[in-house]
Amino acid sequence: MKASQNITRSSLLTLLSQFPAHILGIVAGIFIARILGPEGKGLHSIFYADVTLFYTVFGFSITNSIIFFTANKRISKERIKTIVSMLLVLTMLLSVVALIIWVNSDYVELFLPDYELSVSLLLLFLATIFIAQVNSVFTAYFQGLRHFKIVNKILIINGAYGVFLFTVAYLLHFYGYYTFRLLDVIAVSFLILVLNTVHWCIYYVKNERVRFDYHLKWERDFAPFFRFAGMNHVASILAFFNHRIILWFIAYYLDNWQLGIFSLGISLAQLLNPISLVLESFLSADRSENQLHIFSSFSRIQFTAILLLCIVAAMLSPYLIPWLYGNDFRESVSILYIILVGVLMSCQSTIFSSFFLANDRLKYNVIASLTGVVTTVVSAPILIQKYQIIGAAYSQLLTYSTVFLYQYILVRTRTKVDFNLFILTRSDIQYIKQQLKLVKQSKREDADPN
């Protein structure tokens, strides 16, 4: 029961922290969209899709491995630090080689469609990959240790930096003091990542100071780490394509303007996707019967919460999107309506994936993600050519639905989990009220030095 209380309390604290962080992220995104417009927003989305592609493919999915082995302590923190540092260096070497090959190939147009590449942009691209990977390593490490207060605090600080810097950038741009272009916006985002990394380093030195352990053995350290990371890495790559490959289809069949419209709609919808890694760290450490209870309760809580948020988002978006982002983005409302249904299922798929991941059933995630990729590859060209960006939204909805149904069937047939994984029960509501009281009490105790 103690684990269940911890997961609920940590989840509530995370959600409470995510709310202001998401608000800050939305505000920063508004200024970015206002500065760049739909076409620039489309290029901005492609750039960061490229960044994510590189550190997903060449990053070896080390974040999930860090959470898994830090939580269950099968590998010491010192040896985890050494292995991860080696993989970070390898990630950058592979990224440099892959980038050189890409920009000199016949497919260079897919990197940033209709945009002239420069040395500054390419160097910024590589630097962003490195800093983003370092940030994800820090996040995973502290999540594995269940230091969620630190993770949540950094999340809010990062959002505050984004709002401040992009507010300044927008005002300078709006009043004509400086014209911000795509490269400038990317540079500001990179600065935010650097500041975020500085905070992580400070917290790491204060709380951990783990030394390197170079006495690594294949059977004891590398073999279990790579055995876990291997299948999970394939699943992560496929999951990435489930969420991002649609952007390249739009860039190929349509134009950057429509890509910007679509990317705004889908990015707003995906803001509702919570960080289920809170759940993963607890499930990785707990293989008892209580694990199914934790999973079932968390699944019901999340689904109900996301459903309510989707309803609110659908009601407010026709008024807020044109007002906040400008009339150029009005068409994003239709995209948001369609994607919200898919995101509701995608959020549950994330929970299912964490459950399979924590139980070493990685092949289920691989098959589910592969099913989603095939669905996108088959449906996207047909629907986009026929219905433009609305077709892209339906393709993404179809992908999310396929993955969700496959994983739900597996959960129901391969485990003894509760039938109800979606709607809150009376006992869930009573339990949440109890945990909210404990959260308030915990905050009061933290605030009182005596």
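Heads up, residue numbers simply count up from 1 along the chain you see.
Even glycines carry a Cβ here, placed using N, Cα and C.
TrEMBL lists 12-33 (among others) with the feature transmembrane segment.
Marked as transmembrane segment by TrEMBL: 53-71 (among others).
Under the heading transmembrane segment, TrEMBL lists 83-102 (among others).
Long-range contacts of the transmembrane segment (122-142) within the same chain: residues 47, 50-51, 54-55, 59, 62-64, 66-67, 70, 80, 84, 88, 91-92, 95-96, 99, 103, 148, 150-151, 154, 183, 186-187, 189-190, 193-194, 196-197, 200, 203-204, 208, 277, each at least 6 residues beyond the stretch ends and with a Cβ under 8 Å from a Cβ of the stretch. The transmembrane segment annotation in TrEMBL covers 122-142 (among others).
The transmembrane segment annotation in TrEMBL covers 154-173 (among others). Counting residues 6+ beyond its ends, the transmembrane segment (154-173) has Cβ neighbours under 8 Å at 17-18, 20-25, 27-28, 31-32, 34-35, 139, 179-180, 184-185, 188-189, 191-192, 195-196, 199-200, 203 in the same chain.
According to TrEMBL, the transmembrane segment annotation covers 185-205 (among others).
Marked as transmembrane segment by TrEMBL: 225-251 (among others).
Sequence annotations record features per position, and here TrEMBL assigns transmembrane segment to 257-279 (among others).
For 300-321 (among others), the entry in TrEMBL reads transmembrane segment.
Among the features that TrEMBL reports, transmembrane segment is placed at 333-357 (among others).
Annotated transmembrane segment per TrEMBL: 364-384 (among others), in sequence order.
The transmembrane segment feature in TrEMBL is assigned to 390-411 (among others).
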Feature contact check the transmembrane segment (390-411) with the transmembrane segment (53-71), CB under 8 Å, 3 or more pairs = no
Top Cβ-contact partner of the transmembrane segment (225-251) among 83-102, 364-384, 390-411 (pairs under 8 Å) = 364-384
